[in-house]
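Engineer: First the structure, which I've put down as structure tokens, then a few questions once you've had a look.
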Amino acid sequence: MSHILDKIDTVYPFPPKPIPLTQDEKAAYIASIKQLLKEKDAVLIAHYYTDPEIQALAEETGGFVGDSLEMAKFGNRHPAGTLIIAGVRFMGESAKILTPEKRILMPTLEAECSLDLGCPADKFTEFCDAHPDHTVVVYANTSAAVKARADWVVTSSIALEIVEHLDAEDKPIIWGPDRHLGSYIANKTGADMLLWQGECVVHDEFSADALRKMKAVYPDAAILVHPESPASVVELADAVGSTSQLIKAAKELPQQKMIVATDKGIFFKMQQLVPEKELIEAPTAGAGATCRSCAHCPWMAMNGLKAIETALREGGEQHEIFVDEALRVKSLIPLNRMLDFAEKLNMQVKGNV
């Protein structure tokens, strides 16, 4: 069973939307980025939720597109000395934790994540210290400082198995930061979980009422839902899973139409695998409401061509990720604990946002 803290409604200030580029400007930046990647011994690594042109450029230049842990692992294995991470700040930190000897650049260090922002390390540590008998399990979508306070770091693809393992040992659990994913796992496992009250601004906006209406319009469509969505939305799903798992489900399910309840950035890779299928954005607001994120992370949208080119060309403290070495070593412990557990289960760890 889960014990839920009082919900604190937080309205995160969104960054301004990037200024659109002309086709000529895009072509010029792409050409410059390709040249700079060679000159700087760098590789472009992009998250599924970045804009399609960024994902396409990463693949075209021998880089990678994936979820945050896959991104960090690819960067660790790649011979390039510099990794340019197109994503949000904790993804750059994850890459630095796994590969401290490499230079980690980001298009902007102001690309945040509402899950990270909603789980400040000092407050989370204070909360954990108040419950010393609990095992602390945190989602990968957190800062290095929060990871360092945890006993386990998990992604959504292995969270169920790890919580089941801890529950079998009768260990009460503190889960942070996503309340929807935590509630989903608690309901699936029956584990005793104390939930931190964070949420993803994109997934939190998906509406069950609006989704039912859309399903009535597309009765033959399958509904794919990320478990960071509200429980009422998850209940309507034909498939629930991480980014990688939803892409796999789109390929394996027989339906030719898919209503997809996650960031619409995923459509680029999903459509590559199922070009014959129709992908439909799940509605992010009910009748009479307006959306804020509108199914696309506003911080992911900051990873534009101009920002990537500037990061590669100029570098500097405005673009480079640094993690205190003592903190890095401490945060690596719960991360390796997950990877070792996955190896014993012979699972490939994927699936945080």
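The backbone N, Cα and C atoms fix where each Cβ goes, and this holds for glycine too.
Annotations per Swiss-Prot:
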{"type": "BINDING", "residues": "His47, Ser68, Tyr139, Ala140, Asn141, Ser156, His226, Pro227, Glu228, Thr243", "note": "iminosuccinate binding site"}
{"type": "BINDING", "residues": "Cys113, Cys200, Cys297", "note": "[4Fe-4S] cluster binding site"}
Engineer: Taking Cα-Cα distance, which of the binding-site residues His47, Tyr139, Asn141, His226 are within 10 Å of Cys113 ([4Fe-4S] cluster binding site)?
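Structural biologist: Matched binding-site residues: Asn141, sequence order.
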Engineer: Run through the Cβ atoms and count how many others sit within 10 Å of the one on Glu228 (iminosuccinate binding site).
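Structural biologist: Counting Cβ neighbours of Glu228 (iminosuccinate binding site) within 10 Å gives 30.
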Engineer: How many other Cβ atoms sit within 10 Å of the Cβ of His47 (iminosuccinate binding site)?
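Structural biologist: Result for His47 (iminosuccinate binding site): 28 neighbouring Cβ atoms inside 10 Å.
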Engineer: Please report the three-state DSSP label of Cys113 ([4Fe-4S] cluster binding site).
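Structural biologist: DSSP call for Cys113 ([4Fe-4S] cluster binding site): coil, neither helix nor strand.
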Engineer: Round to a whole number and give the Cα-to-Cα distance in Å for the pair Cys297 ([4Fe-4S] cluster binding site) and Tyr139 (iminosuccinate binding site).
Structural biologist: 18
Engineer: Could you give the Cα-Cα distance between Asn141 (iminosuccinate binding site) and Cys200 ([4Fe-4S] cluster binding site), in whole Å?
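Structural biologist: For Asn141 (iminosuccinate binding site) versus Cys200 ([4Fe-4S] cluster binding site), the Cα atoms are 10 Å apart.
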Engineer: Validating a neighbour-count step here. Other CB atoms within 10 A of the CB of His226 (iminosuccinate binding site): how many?
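Structural biologist: Looking across every protein chain shown, the total is 29.
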Engineer: In Å, rounded, how far does the Cα of His226 (iminosuccinate binding site) sit from the Cα of Cys200 ([4Fe-4S] cluster binding site)?
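Structural biologist: Their Cα atoms are separated by 11 Å.
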Engineer: Taking 10 A as the limit, how many CB atoms besides its own sit near the CB of Tyr139 (iminosuccinate binding site)?
Structural biologist: 29
